[in-house]
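Noted in TrEMBL for the protein shown:
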type	residues	note
DOMAIN	B:4-197	domain 'Glutamine amidotransferase'
ACT_SITE	B:Cys81	active site, nucleophile
ACT_SITE	B:His182	active site
ACT_SITE	B:Glu184	active site
Amino acid sequence: MLKKRIIPCLDIKDGRVVKGVNFVELRDAGDPVESAKEYNDLGADELVFLDITATKEKRKTLAKLVEKVAAQVFIPLTVGGGIRTVEDMQFILRAGADKVSINSAAVKNPDLVREGALKFGSQCIVGAVDAAKRDSGAGWEIFVHGGSKETGIDLIEWVKELEKLGAGEILLTSINSDGTKDGFDLEMLKAVTDAVNIPVIASGGAGSIQHFIDVFKKTGADAALAASIFHFGEIAIRDVKSELVKAEIPVRIEKRK
Amino acid sequence: MIAIIDYGAGNLKSIQKALEFVGEETVILEEGKNADLDKYAGLVLPGVGAFPGAMKRLKENNFVDFIEKFVVTGRPFLGVCLGMQLLFEWGFEDQKTAGLSLLKGNVIKMETDYKIPHMGWNQLEIIKNDPLFNGLPENPHFYFVHSYQLAEVTDEVLATVGYGTTVPAVIKKDNVIAFQFHPEKSGDNGIKLLENFRELL
């Protein structure tokens with residue numbers, strides 16, 4: 001049986017790991033290569049790097065960073081941030097990333113997802129989506145540009161579209177929950193995991209081990225992502241996993257002979 | 001030195017870095033025609049993407065003959081993921097396509113009630129013990145990403161995983177070895193397995 005994945009996310013700014021609350025107030029949280037190595041040793045199932053300041057000039061810096069991490073860390077690596085063209089994807093994948101995540105660029109140009117999936121395979125394309133509850137309370141709307149710009153596009157329509165275009169996975173961040181440590185947005189996640197047949201990574205709101213148990217018990221999420229609670233050592237991945245096992249949620253823990 | 005075949009099928013860097021991490025020198029081969037196979041103690045066929053296009057590019061870059069000649073030397077040859085699937089007789093991805101026929105069986109779309117692709121960490125059931133598994137935990141986890149699989153558990157299959165269906169995961173016939181999962185993405189277990197592969201050189 002496939003295991004539920006625990007994924008630390010490293011937000012990268014100018015080559016450093018940072019973490020903000022509700023997409024602002026960035027705090028420095030360390031060297032990405034060292035963080036990646038440590039997470040690998042601690043039992044992270046996968047890593048996500050999001051370059052939150054990615055620009056064309058900085059693309060090379062990011063690729064170098066990916067290359068360094070990929071030489072030392074042998075678990076799946078997803079890289080996102082400012083990927084706008086198939087060439088951008090190729091550049092990052094060639095540097096050693098296993099998947100690229102596309103967010104605003106997919107909204108602006110949905111064909112990018114299709115072209116990426118055709119060229120590199122769906123498994124390489126992660127559709128990253130930032131969404132928030134509509135003011136009216138009826139459903140959710142997606143936001144672009146780091147969660148700052150509303151689009152009017154319905155979340156459920158969009159994730160279905162991403163699946164159709166060939167995205168292999170959805171990385172869903174709840175803007176309402178992100179940084180709050182009040183728990184994952186279970187209602188939103190349930191709606192999305194019910195709507196698509198591709199794996200969904202839950203993001204935004206993890207603050208305790210119980211939140212991880214809840215997200216796997218109450219939604220169809222395949223993976224849970226968190227940043228600050230792991231970076232600042234508030235919760236150890238190992239403890240999350242051993243509690244998940246007790247709650248009968250399948251996770252990757254090796255049984256030594 | 002291990003040669004890694006580059007036929008434009010995605011990420012070679014990870015497998016290359018992982019082999020280097022276990023202490024092996026590597027070289028990337030982009031063309032099979034004038035490649036001197038005596039220089040290489042082992043050969044790796046990696047790859048992600050689709051079966052028909054991959055076979056086409058292997059042919060275009062003169063790798064089919066090269067691989068056949070290499071296998072005859074008895075030196076270890078490893079196929080990983082799509083590179084594993086290409087070792088079988090027929091692939092049924094998009095259209096029926098002849099594979100390299102180094103191993104028995106056909107590659108078909110996975111039939112399961114679970115999500116496809118089969119993507120993530122899954123645990124091996126070892127059905128035939130082999131030195132390849134030395135030093136690994138019981139039912140070790142490996143990282144999988146695929147939508148097609150070897151159709152049957154042939155007598156060459158050493159290990160399988162369950163995913164609502166039985167998926168052959170490690171196949172070995174003499175010096176031809178095939179992993180459906182990505183050892184280069186499977187953390188410590190993957191590194192151990194590649195060390196064990198290196199022992200065969």
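First residue shown is number 1, and so on along the chain.
Every residue, even glycine, has its Cβ placed from backbone N, Cα and C.
Bear in mind that TrEMBL entries carry predicted annotations, made automatically and left uncurated.
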*Give the sequence-ordered list of residues that share a chain with B:Glu184 (active site), lie 6 or more positions from it, and have CB atoms under 8 Å from its CB.*
B:Ser14, B:Ile15, B:Lys17, B:Ala18, B:Leu19, B:Val80, B:Gly190, B:Leu194
*Write down the Cα-Cα distance for B:Cys81 (active site, nucleophile) and B:His182 (active site), rounded and given in Å.*
6
*When you measure from the Cβ of B:Cys81 (active site, nucleophile), which residues in the chain that are at least 6 apart have a Cβ under 8 Å away?*
B:Pro46, B:Gly47, B:Val48, B:Val145, B:His146, B:Phe179, B:Gln180, B:Phe181, B:His182
*B:His182 (active site), number of other Cβ atoms within 10 Å*: 25
